Every structure is written in C-alpha cells, then in structure tokens.
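What follows is a set of notes on a single structure, which appears directly below.
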Amino acid sequence: MQGRQVSTTDHSDIAATAASARGEETRDRILRAALTIFGKDGFERATTRKIAEAAEVNLPAIKYYFESKEGLYLACARSIVGVYERGVGETVVSIAQQAVDGLSPEAARASLKTVVRLLVELIEASPGANLWTGFVLREMTVPGPAFEILYNELWAPGVELTAMLIAQIEGRPVADEDARLTALLLHGGMTAFSTTWPVSRKYLGWTENPKRLTETMLPILEAQIDRLGR
C-alpha cells in the first residue's frame, strides 16, 4: 500500500512553517541582543549596527522586524511585559476582579500571598531575567521611550493591586497612601532579586542566579503579609 504523496501545497506549508520559525528565532535573537546593549549603553548611545553585530544578523533585519531603533526599544519593553503576562496574567486578572468586588481581610491576605508567590516563582524561573536588569534600571532611573509601557502595563497595575489587597487586609475598602507606600516597599523587596539582583548576589555571596527564592525569600515575604492588619 503506497503512502500518501506529498503535494506541492504540503511542501509550501512545510516551507512556510520553517520560515516562520526561523523568523521568530531571528527576532528573538535581536531582542536579546538589544536588551543587553540598550541596558548597557542606553537608548541614545546604543546603535542598531552594534545590536545587529551582537545578534549576528544583517542591519536591514532590524528595520524589517522592528522598523527603527525606537521600535526595537519599545519591543524590548513589551517583551518584558509579555513575560509577566504569560507567567502571572490570568491569575492576577482574576484576583484583581475579586478585589474590585471586595474581599474579606483573610481572603485578601490569601490573594496577596498568591500574587507574591507567583512573582517570586516567575523571578526564579525566568532564564532571561538577567538580560532585563540594565534595561529596566535605566528606565526606572532615567525614563526613556519605554517608560510609559513599563509603568502603565507592568509597574502601576502590579503595585496598585497589591495596595488594594493591603487596604482590604487592614479593613479599608480602597487603597490609601499608607497602603500604596506599603505596597511599594513590598515590591521593592522583590526587585532586590530581579532588577537589582547583581547587588543582592554580591552582598549575599551567592554565586548563581536566584534559584532558591521560594525557599529563602518567599517565607520572609509571607511573614510580612501575615503581620499586616495585626
């Protein structure tokens, strides 16, 4: 019995799939190189030529995939947001809706622990986190073209949800300034193991990336949450 002959259409589909995979791999390589170089040199000093050389692609590839240096810079920011959305997005959206509807203090406490655990697990599991460090630090300290993306789509929503949950843990229906300050301090503790990880690693004497955060940092953060409102 003869097998099914591969048609011209089948060959075209296979070729298109392979080309798409190569395109995604090339785009990802450019993004990784850009995150490193933008983080080191900043938006103004970084050049697309240097990024292309680091990514081992021709210079026109950057224009093809990202249109311009600014387009590439903004794509770097969106790639960071995308990692967080894929890692914690669905659960966080559900918790945010519950918080809007109103939670009891203990339900809010449990929800905040869930959010923090997801963030810690994401930091621990993200192999590309070191690539973001310089890029994010620059946007935090010297806001550039990507600041609004990171602020509006990542930082502000995350801290505001935390503040809402803290307020509800403490028996207040809406987040006030005290809740927002506490939320900022809680998130600041987590940045020690993400955006400012090189400093933390040197201080702690750790030689590897943060692979033990669920065993070390998470219990401390959960203890802080347990003390809220008590």
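Every residue gets a Cβ built from N, Cα and C, even glycine.
Curation plays no part in TrEMBL annotations; they are all automatic predictions.
Note that the coordinates shown come from a computational prediction; the quantities given were computed from them, not determined experimentally.
Between the stretches 47-66, 67-86, 167-186, TrEMBL puts its DNA-binding region entry on 47-66. Within its own chain, the DNA-binding region (47-66) has Cβ neighbours under 8 Å at 23, 26-27, 29-30, 32-34, 36-37, 41, 72, 75, counting only residues six or more beyond its boundaries. Residues of the domain 'HTH tetR-type' (24-84) grouped by DSSP class, helix first, strand second and coil last, total 54 helix, 0 strand, 7 coil.
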